[in-house]
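A short write-up of the structure that comes next.
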Amino acid sequence: MHDAFHFQSLVWDWPIAVYLLLVGISSGMMVLTLLFRRYLPAENQHTNPLITATAIVAPLSVVVGLVILIFHLARPVTFWYLMIFYNPSSIMSLGVMLFQVYMLVMFLWLASLYQQPLLAWSERHLPGALHGLLNRVIALVSRGMRPVENGLLVLALLLGCYTGFLLSALKSFPLLNNPLLPVLFLVSGVTSGIAVLMMVGASARSHRDCPQTLHLLHALEKPVVLVELFLLFAFFVGLLLGGGQKAVAAQVALSGFWGGVFWIGIIGIGMLAPLAAGSQPVMRRHVAYLPRIAAGLTLLGVFLLRLFVLYAGQMTVA
């Protein structure tokens, strides 16, 4: 196991996997929430517990992820420099720009969504000029809510893909320099979003307030996991058929310690076990915590996927 986590070609280690997980959760939850608001608008208002969960988790996970990234890279001053001076040829700089736009649009959307409590608070605690400015900004965003949500959806999709592009930038590693990786991480992020919303949706209040949304969420679970399985299959078939170091990278990744993590942790525990639990409605009715356990296993699988790609992907150099 020591060799699986410590080897000469290692550039990025486990905190990067945590960062990728948190950003993927934010992206996935936001994509799902915006789709729910479009197709089931009556249920998906600001009082909906699933919307509330997204309003808390989506921005918080990005902020925590960025803090982890900044201090793990041990260059907080350089990172703040990147937030002001952009380099279009740097994937890290483009990612910082994407994060800034995503967070700005997200906070505008949240301000419009929760405008009544927010304006009531600002009226009591902010100077009149600031309260008036906030009121005008929220009114402007509210009038264009559909374009704002469309833009936020695009940004959330781009953010999910970006987590894969970030690893693809390590071009000296054949497994990471793969065009399918951004799509795989996007779909995996949606899977993590489904898992977090499933945990929230297991409450009695969620079943009372948003039954149609929960039905749609359950309906999406199996197809999304099947798409993820197909992408993993295509990912490794492409590497094996590519020959040379690509085939070597796939063989190394799918054997030894990380091979066990892939087959048992990601495929078995993270994907097949939750699918089996979801296909047993009788068991779900009798085991109260089964949906939350299944969602927890899914999140574990999503994290293990990022850990696997990160470490196994850096074991073979081109």
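Backbone N, Cα and C define each Cβ position, glycine as well.
Just so you know, TrEMBL annotations are computer predictions that nobody has curated.
Annotation comment: TrEMBL describes 16-36, 48-71, 91-114, 152-170, 182-204, 225-244, 256-277, 289-312 as transmembrane segment.
Counting same-chain residues at least six beyond the ends of the transmembrane segment (91-114), those with a Cβ under 8 angstroms from any Cβ of the stretch are 30, 46, 51, 55, 58-59, 62, 66, 79, 82-83, 134, 137-138, 141-142, 145, 148-149, 151-152, 155-156, 158-159, 162, 165-166, 168-169. Long-range contacts of the transmembrane segment (225-244) within its own chain (CB-CB distance under 8 A, at least 6 residues past either end) are made by residues 174-175, 178, 180-181, 183-184, 187-188, 191, 250-251, 253-254, 267, 271, 274-275. Looking at 152-170, 182-204, 256-277, 289-312, the range that has the most CB pairs within less than 8 A of the transmembrane segment (16-36) turns out to be 182-204.
Beyond the transmembrane segment (182-204), the same-chain residues lying 6 or more positions past its ends with a Cβ under 8 Å from any Cβ of the stretch are 20-21, 23-25, 27-32, 49-50, 53-54, 57, 157, 160-165, 168, 210, 213-214, 217, 220-221, 224-225, 227-228, 231-232, 235, 274, 289, 291-292, 294-296, 298-299, 302, 305-306.
Outside the transmembrane segment (256-277), and at least 6 residues removed from its termini, the chain residues within Cβ reach (under 8 Å) are 1, 3-4, 195, 221-222, 225, 228-229, 232, 283-284, 290-291, 293-295, 297-298, 300-302, 304-305, 307-308, 311-312, 315. For the transmembrane segment (48-71), the residues of the chain that approach it from at least six positions outside its boundaries are 15-16, 18-23, 25-26, 29-30, 32-33, 36-37, 79, 99, 102-103, 106-107, 110, 113-114, 196-197, 200-201, 203, 205-206, 209-210, 213, 217, judged by C-beta separation under 8 angstroms.
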